[in-house]
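J.: Positions annotated as domain 'Acyltransferase 3' by TrEMBL: 9-272. Marked as transmembrane segment by TrEMBL: 12-33, 53-74, 94-110, 122-143, 149-166, 195-213, 220-242, 254-275.
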Amino acid sequence: MPSQVLNLVKDLIYSFHMPLFFFASGCIFSFQLEIRKKQMTFTQLLKNKTKRLMIPFYAFALLMVYPTMTLLGFRDPVHYFIDGFILAIDSRHLWFVLTLFLLFLLFFGLRKMCIKLHIPIWATSILALLIYIFPINIVYFQIRNVEEYLIWFTLGYLFTIYKSAFKYVAIAALFGLGLNMVMPEFSFPPDMSKLINAIVGVAIFYILSVRTIKIEKAKLYQWVASNSFGIYLFHAMIIYWLEFIAAPYPINPYLLSIVIFVISLTLSILLTIMVRKLGLGVIIGETSK
């Protein structure tokens, strides 16, 4: 049973939540390299991110995504194995993992080039924006998503370095959003509107996170945060199965959304903890201690 309110909430969240994830990843990467001055080579980064991201990508692709999509009848077994995981065209929620892996390597290379050629690091944002506006549109191996989200990873990286200057970026985006609302006839191209909306969403989320920093001390928050990557890896396929089970029943969409959220979050956390206790942390990107 569709719900206009839930669709509105979904559209609102989707307008900035993936840019936010890549932005945060860029922030953390910048903190390691620019603030902590961590030294690493491309080979070291490749090994680290292969363990952290690509082993979970293929483990969950084969153990959860492939069985779920084929058993529930969403995809043909043979074609989906090729399209989903060899060509990586449709990897379901795991597209984020592969895209992030490629972004780490790409941005590291761009940063090295800037250092070697004595180019300011902020110049990467110009290249990222050009790639965002004029993509090549290669669907294989998540290249198209790399083109779309490089700008967010780059902005996150630069935010850590030039934090004080970013308020002007947010103000400009907010002005653009307001102008578009007040003067509908003055509309930006779709990609630019998408970029502006996401900048505003990320800025609002950042402001709220700073003002609610005490939440980080709550046990529930720490419990979720310590298992966050495992939650991401597990949750999507759990939701598929829950929706499949609930499909024959006329359940109120608001109630169904709450129930699915609670069950999927709880099961994802429990499965993450179980995997860790079984010594299989490698499949969720963790190294054994």
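Yeah, the Cβs are placed from backbone N, Cα and C, and that goes for glycine too.
Because TrEMBL annotations are produced automatically, they should be read as predictions rather than curated entries.
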J.: Which residues, given as numbers and ranges, are at least 6 beyond the ends of the transmembrane segment (122-143) yet have a Cβ under 8 Å from it?
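T.: For the transmembrane segment (122-143), the list is 87-89, 91, 95, 98-99, 102, 107, 110-111, 114, 150-151, 153-155, 157-158, 161-162, 191-192, 195.
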J.: Given the cut-off of 8 Å on Cβ pairs that are 6 or more apart in sequence, determine whether the transmembrane segment (149-166) and the transmembrane segment (94-110) share at least 3 such pairs.
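T.: Contact between the transmembrane segment (94-110) and the transmembrane segment (149-166): present, because at least 3 Cβ pairs are under 8 Å.
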J.: Look at every Cβ pair spanning the transmembrane segment (12-33) and the transmembrane segment (94-110), keep those 6 or more apart in sequence, and say whether at least 3 of them are under 8 Å.
T.: yes
J.: Could you tell me the mean pLDDT over the domain 'Acyltransferase 3' (9-272), as a whole number?
T.: 85
J.: Would you kindly list the residues that approach the transmembrane segment (53-74) from elsewhere in its chain, counting only those six or more residues past its ends and only Cβ-Cβ distances under 8 Å?
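T.: Residues packing against the transmembrane segment (53-74) from afar: 80-81, 84-85, 91-94, 97-98, 100-101, 104, 229, 233-234, 236-237, 240-241, 244, 282-285.
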